[in-house]
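Participant: Questions regarding the structure given below will be posed in turn.
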């Protein structure tokens, strides 16, 4: 309750809630483009698209539009006799309601993917799709050609006609077109009209702002928006969508595939570097955190403000946006859960420019979706995280082995013994986390954290962990909490610059999630050893982190809690290579394991995203069929035009 009270107060303070009553339906402009509520405040009552306004801001007449979640402030609702309060709180935009379209549309072929509306453009002859959707965009999928399709401005029911040869044919796909040459200019005019800050390729700052963490994926956004307010984000989304640009937000920019740059040239990037709020409520323990905060600054901020801690990873430069919405592993995770498990609320800008607050009780389906696929559904401008009291100290341990790479039997048996210990409930409980590190230089080490005393670790864990293993150089020590998070960061300070972050690498990475029911077999380990010994001299490392095992808080959640499927993994491998030949080499690591253990249903981890997968493969590995189907259905409701897109996004 204290969180809800403080959240409501915070929303009121920034203008997300209004005490003014909504205008009567008969005083609102009737929707001309299928949208309702949102920044334009259109009503569906009297609209050709349907009289009901869905909770996601689209007019229609289906049960999804008119049923329990119907927004009666902007239309009629089935069985409703009185107006009910909107479930979405909207900050009004300065955008004026669009005038009704001319009764005799010009029927000029769309130059920018828009159709109908005030311009009267037709999609017939538009290269990427001949159907005009209910919300006024050209495309080729069921979202454009199906329910609500505008027959006056293109084909409906199919995508035949001139210019359809390059259109996608799968009804499950959404348009992923490159914007027309006029799209950036159209977006800029709109941004200028709304006083939204941005940078273009011609600006001096563009080069630094656009440089990705992974230099192998140097995609160039058409425009980089630099919002300082929620309203800027809302306006930018509206401008980008109207111009036909695909949109992605950048939090820290550590996406291995540069998806925060769009995953291809020509997107609109919304850079959240000005969203740096870190505010701890000492009573509830909930931290309000801006969407551009990096992990190091988060850990420092909540500890400095109130000796608080939260589950998160160890790299201080990683941004909160991707880390807290795609999993987020750290050495506290088996005890506290993944980073995403700490999210209790979020402020999100949706594809129609609406700003909503989402939690388990408010827009719960959106809240579920952003914990696993946020970038496909909106821009998270603010997170609400449940923190906890930081422990006074924690036991850190590290064991560095030598010579293990010299013998296949020693190499394989070492891991098999560690794996047995990891599943042994008399040794391992939720208080311990660890990972194994190995590389091309012959390194092989195990390190982690234990929420207990050095004495208990040395008595209960260490003897069984090291039994039968080669001699190791051992470190076991009690460290104060803040000193610990600095130590595992690999830096002398976890504080990161608010702007001008300048860390980059040239690499290719893949992941493997290993089910708890199978673990890694001796066949797979032997095959991996043989491959690493014979495949060449590529510089690489492999990190094998323990996710499962007795008492793991990670595996206590399920897919009803979040759109995230790695809840039955024992291990998660990150396979990381440098240099020109690294892609083939790293692909070979995965192949060696999978080919030697074909009976196992391996998966992949979202935060180690692999750009080499096609969309269908990525969806299968990252989400599985059931979760992906649920996400895809929600995508059609919330973002039917795929405004938020990258090559592996939901619907891509």
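Backbone N, Cα and C define each Cβ position, glycine as well.
Keep in mind that what you see is a predicted model, and the values were worked out from it rather than measured.
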Participant: According to TrEMBL, region 'Disordered' applies to one of these ranges: 50-80, 81-111, 112-142. Which one is it?
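Facilitator: The range carrying the region 'Disordered' annotation in TrEMBL is 81-111.
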Participant: Between the Cα atoms of residue 145 (disulfide bond) and residue 52 (disulfide bond), find the distance and write it as a whole number of Å.
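Facilitator: Each residue's Cα considered, residue 145 (disulfide bond) and residue 52 (disulfide bond) end up 20 Å apart.
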Participant: Determine, to the nearest whole angstrom, how far the Cα atom of residue 52 (disulfide bond) is from the Cα atom of residue 131 (disulfide bond).
Facilitator: 23
Participant: Quick one: Cα separation, residue 66 (disulfide bond) versus residue 131 (disulfide bond), in Å?
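Facilitator: Cα of residue 66 (disulfide bond) to Cα of residue 131 (disulfide bond) measures 25 Å after rounding.
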Participant: Identify which of the disulfide-bonded residues 52, 131 has its Cβ surrounded by the largest number of other Cβ atoms within 10 Å, counting every protein chain shown.
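Facilitator: When each Cβ's neighbours within 10 Å are tallied, 131 leads.
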